[in-house]
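Structure record follows, encoded as structure tokens.
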Amino acid sequence: MIKSEMAGGGFAAAGGGNARDYGGGITFSVVVTSLMAASCGLIFGYDSGVTGGVTQMESFLSKFFPEVLRGMKSARRDAYCKYDNQWLTAFSSSLFIAGTLSSLVASRVTRAVGRQAIMLLGGVMFLTGSIINAAAVNIAMLIIGRMLLGFGLGFTLQSAPVYLSETAPAKWRGAFTSAYNAFVVIGILSATITNYFTNRIPGWGWRVSLGLAAVPGTIIVAGSLFIPDTPSSLVLRGHHDRARAALQRIRGADADVDAEFKDIVRAVDEARQNEAGAFRRLFSRRYRHCLAVGLGIPVFYEFTGMIVISIFSPVLFRTVGFNSQKAILGSVINSMTNLASTLLSTSVMDRTGRRLLFIVGGVGMMLCEVAISWIMADHLGKHQGVTMPRSYATGVLVLICLCTFSFGLSWAPLRWVVPSEIYPVEVRSAGQALSISVALCLSFVELQVFIALLCAMKYGVFLFYAGWLLTMTIFVAAFLPETKGVPIEAMRSVWERHWYWKRYVNNASHHDGRVVDEGTD
């Protein structure tokens, strides 16, 4: 039984319920360590950026999907249906189903080997998959390579965001954790620039694009060899001396880490008492608030429509009338917009808070997607034309960039920040695995059906996403508590003060029969 002093330690300060500030600042060690972990985002970003460009390269299509190439050149082909081929979308989406499975496996392995080792394994698998894809001679090799990329992605997604949350100082945790998304965007930008140049290479330019995924894979492998594990993960595996030394190193030699280390140990002790059945207990009343938000955010993220715009933007630009080279250039511009907004978000989220950025970004994306739908409805495929007039096609490009800016300012970085910081340590790995696996599974489904949806729903597909954006903005406004500046082991305090979720936190002692907090009853 854990008494009420826990409320004054790892969860909330005594009396007022405010989270404890451990002090400490940004040190060289925490910056280097966090940048190494955040660089795991490169593999996610590079793959997302390179895939959309490659799938509209004529050299790639002529080798693996000649029927798509014939459809593109057919004057009678519906403008919305040029790329409607299930094998082609399977190439894009197979990575995500592999990532779904591997993230669940990584959750269990993490408890045994730690987060640093999981990042290393993920980098090795991604590196292997990139080599197979570059050497592919048939669709089977492409899919096998994509599956290995997915396994690597699932492992790094499971470990890197939580690594950043557990390592970063509470006051700047949003900026440090959102660095993962900054590297995702850098990866996307690198991939689209690569595609722009390799698209000019006849016959085998696509091999260069796919093969250069080995570069971020190598960075992850090399970086993982030089970073320590997180203090929470080390304590969880019984390495208290190493954990304290790691905490002292990242907080600085002169920092007093006693209070923070005691709270980590206290939280891990609770985790050990509740070690069995973490996945099952996630669905109990005790963790309902964490589960609702921890699953709600990645699920809603998928329905922003931005994952398909990110991957299929060259396809969309080809659909509305750009040639291959200009379509990839449009994706480069879009990626640069994404990077600018992500860097802006990183610099302001620990000042403005998470909720405001979620709401502003959601409204911005919704308005842009409604406008895109309106333009496409009025000007694409009308008057016997297979594309829209150039001025309207440019308007779609501008609106997609504005939508991407809103996305990069809000949902793109916060999707990694919030789920990684809200779960208690005893279910953190399980919660992160569930969040990641659900998101990757939805990504698989969405990528598999998006081109078919574009063909069937036409411009209405953007209205579909706009409706979801309205729903998720309302959800955030009503049910997401503000978590900026709260130490990760003190997150309970924000739930205790929330108008709705406090009923689950304050009554935890009456449910699940495990950890009792008498001070909040």
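Using the three backbone atoms N, Cα and C, a Cβ is placed for every residue, glycine included.
The feature transmembrane segment is assigned by TrEMBL to 26-46 (among others).
If you take every residue in the domain 'Major facilitator superfamily (MFS) profile' (33-484) and average the pLDDT, you get 84. Residues or ranges marked as domain 'Major facilitator superfamily (MFS) profile' by TrEMBL: 33-484.
As annotated by TrEMBL, transmembrane segment applies to 87-106 (among others). Within its own chain, the transmembrane segment (87-106) has Cβ neighbours under 8 Å at 47, 51-52, 55, 61, 64-65, 68, 118, 122, 125, 139, 142-143, 146-155, 157-159, 311-312, 433, 436-437, 440-441, 443-452, counting only residues six or more beyond its boundaries.
Feature annotation from TrEMBL assigns transmembrane segment to 118-137 (among others). Outside the transmembrane segment (118-137), and at least 6 residues removed from its termini, the chain residues within Cβ reach (under 8 Å) are 37, 40, 43, 102, 106, 109-110, 144-156, 158-160, 163, 207-208, 210-214, 216-221, 223-225.
Within its own chain, the transmembrane segment (143-164) has Cβ neighbours under 8 Å at 34, 37-38, 40-41, 43-44, 47, 90-91, 94-107, 110, 115-116, 118-119, 121-133, 136, 173, 176-177, 179-180, 210, 213, 217, 220, 230, 416-417, 419-420, 428-429, 432-433, 436-437, 440, counting only residues six or more beyond its boundaries. Residues annotated as transmembrane segment in TrEMBL: 143-164 (among others).
What TrEMBL records for 176-198 (among others) is transmembrane segment.
The transmembrane segment feature in TrEMBL is assigned to 204-227 (among others).
Tertiary neighbourhood of the transmembrane segment (290-315): same-chain residues 48-49, 51-53, 55-56, 82-83, 92, 188, 195, 282-283, 324, 327-328, 330-331, 334, 338, 362, 365, 369, 400, 403-404, 407, 411-412, 414-415, 418-419, 422-424, 427, 431, 434-436, 438-439, 442-443, 446-447, 450-451, 461-462, 464-465, 468-469, 471-472, 475, 479-480, 495, selected by CB-CB distance under 8 Å and a gap of 6+ residues from either end. The transmembrane segment annotation in TrEMBL covers 290-315 (among others).
Long-range Cβ contacts of the transmembrane segment (327-344) within its own chain (Cβ-Cβ under 8 Å, at least 6 residues beyond either end) map to 49, 52-53, 56, 178, 181-182, 185-186, 188-189, 192-193, 195-196, 199, 309-310, 313-315, 317-318, 397, 400-401, 404-409, 412-413. Feature annotation from TrEMBL assigns transmembrane segment to 327-344 (among others).
Per TrEMBL, transmembrane segment is recorded for 356-377 (among others).
Look at TrEMBL and you will find 392-412 (among others) tagged as transmembrane segment.
Same-chain residues lying 6 or more positions outside the transmembrane segment (433-453) and placing a CB less than 8 Å from one of its CB atoms are 83-86, 88-90, 92-94, 96-97, 99-101, 103-104, 106-107, 150, 153-154, 157-158, 279, 282, 291, 294-295, 297-299, 301-303, 307-308, 311-312, 315, 419, 461, 464. Sequence annotations record features per position, and here TrEMBL assigns transmembrane segment to 433-453 (among others).
Long-range contacts of the transmembrane segment (459-480) within its own chain (CB-CB distance under 8 A, at least 6 residues past either end) are made by residues 292-293, 296-297, 300, 303-305, 354-355, 358-359, 362-363, 365-366, 369-370, 372-374, 376-377, 380, 418, 450, 453, 500-501. Residues annotated as transmembrane segment in TrEMBL: 459-480 (among others).
Count of Cβ pairs under 8 Å against the transmembrane segment (392-412): among 26-46, 176-198, 204-227, 356-377, the largest is for 356-377. Same-chain neighbours of the transmembrane segment (204-227): 33, 36-37, 39-40, 42-43, 45-47, 50, 53-54, 57, 59-60, 63, 116-117, 119-120, 122-124, 126-127, 129-131, 133-136, 145, 149, 152, 156, 187, 190-191, 194-195, 198, counting only residues six or more beyond its ends whose CB sits under 8 Å from a CB of the stretch.
Within the chain carrying the transmembrane segment (26-46), a Cβ under 8 angstroms from the stretch's Cβ atoms is held by residues 119, 122-123, 126, 149, 152-153, 156-157, 159-160, 163-164, 167-169, 172, 176, 179-191, 212-213, 215-217, 219-220, 223-224, 226-228, 249-252, all 6 or more beyond its ends.
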